[in-house]
Amino acid sequence: MIIGIGNDIIDIRRVQKTLDRFGDRFIERIFTEVEKAKSEGRRMRAASYAKRFAAKEACSKALGTGMRRGVFWKDMGVVNLRGGQPTMALTGGALERLKEMTPEGTEAVIHLTITDDHPQAQAFVIISVVPKP
């Protein structure tokens with residue numbers, strides 16, 4: 001059963017301008033250590049950060065909160081499953097909100113797709129629940 005859907009699209013050039021203007025201040029405020037390690041190693045650094053930014057926005061929409069009600073940027077981070085598939089790791093207020101949304105006897109699964117085609121990056125998040133084993 002789907003309990004949340006969110007999407008976001010962002011202009012990579014806007015992220016590049018933000019990186020140029022604010023640099024580490026922007027990165028440290030928004031991104032997790034895992035996200036920074038992934039993005040800093042990429043040739044298309046701004047596109048990598050843009051996809052992750054869009055994923056956070058999409059996830060906050062799927063949670064039904066946006067960036068409020070105790071949900072902060074670093075509470076959500078893009079991580080990869082063993083096979084390489086992206087998903088979101090939640091902590092803090094984002095994790096608390098997910099727990100509130102999840103019906104008893106079920107567990108939440110976060111599906112994420114991220115893509116970029118210059119000048120845009122996009123993310124789509126679906127939060128579903130499945131019965132606990």
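From the backbone N, Cα and C atoms, a Cβ is placed for every residue, glycine too.
The annotation Mg(2+) binding site is assigned in Swiss-Prot to ASP8, GLU57 on the grounds of sequence analysis. In three-state terms derived from DSSP, ASP8 (Mg(2+) binding site) belongs to an extended strand segment. Counting only same-chain residues at least 6 apart in sequence, those with a Cβ under 8 Å from the Cβ of ASP8 (Mg(2+) binding site) are ALA54, ALA55, GLU57, ALA58, LYS61, GLN122, ALA123.
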